[in-house]
Each structure stands twice: as structure tokens, then as C-alpha cells.
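Trainee: Just dropping this structure here.
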């Protein structure tokens, strides 16, 4: 399996708690049919942030 590279989110929506955060679509290997799983990761100034209280 080839795990896709990290890339900008296509439709990131927004991050209510940190409006200036950057969205990245991050994929990692996983034990499923695709061989990987992906998630939206929000970061601000190099730190991962939560977008919802």
C-alpha cells in the first residue's frame, strides 16, 4: 500500500477556536481495506490545535 502524502485540506471548513489555523490532510498506515486512514489536522504556529471546545 502507498500512504498518501500530507497535503492541504481540499475543503477544510474553518477552525472556530483558532480562526487562523492551517488545515492539513494527514494520512497514516492503518489496518483497513485501504491500508491507510486520513484525518484533518489543524495547526497554528507549528502546534496542533483543537478547533472545538
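Along the chain as shown, the residues are counted starting at 1.
Cβ coordinates come from backbone N, Cα and C, glycine included.
As annotated in Swiss-Prot:
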- 9-23: disulfide bond (DISULFID)
- 15-51: disulfide bond (DISULFID)
- 27-38: disulfide bond (DISULFID)
- 53: Zn(2+) binding site (BINDING)
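So that I understand the layout, could you describe where these features sit and how close they are to other parts?
Mentor: Other Cβ atoms within 10 Å of the Cβ of residue 9 (disulfide bond), summed over all protein chains shown, number 14. Under DSSP, residue 9 (disulfide bond) is assigned to coil, being neither helix nor strand in the three-state scheme.
Residue 51 (disulfide bond): 16 other CB atoms within 10 A of its CB, across all protein chains. Secondary structure at residue 51 (disulfide bond), taken from DSSP and collapsed to helix, strand or coil, is coil.
According to its DSSP assignment, residue 27 (disulfide bond) is in a strand. Sequence-distant contacts of residue 27 (disulfide bond), defined as residues of its own chain at least six apart whose C-beta falls under 8 angstroms from its C-beta, comprise 3, 4, 5, 6, 36, 37, 38.
Sequence-distant contacts of residue 53 (Zn(2+) binding site), defined as residues of its own chain at least six apart whose C-beta falls under 8 angstroms from its C-beta, comprise 17.
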Trainee: Would you count the other C-beta atoms found within 10 angstroms of the C-beta of residue 23 (disulfide bond) for me?
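Mentor: Within a 10 Å radius of the Cβ of residue 23 (disulfide bond) lie 18 other Cβ atoms.
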Trainee: Return the residues near residue 15 (disulfide bond), defined as same-chain residues 6+ apart in sequence whose C-beta is under 8 angstroms from its C-beta, sorted by sequence, else 'none'.
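Mentor: Expected: 21, 23, 42, 49, 51.
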Trainee: Take the Cβ of residue 38 (disulfide bond) and count every other Cβ within 10 Å, whichever protein chain it belongs to.
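Mentor: The Cβ of residue 38 (disulfide bond) has 15 Cβ neighbours within 10 Å.
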Trainee: Which of the three DSSP states, helix, strand or coil, fits residue 15 (disulfide bond)?
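Mentor: Once the DSSP labels are grouped into three classes, residue 15 (disulfide bond) ends up as coil.
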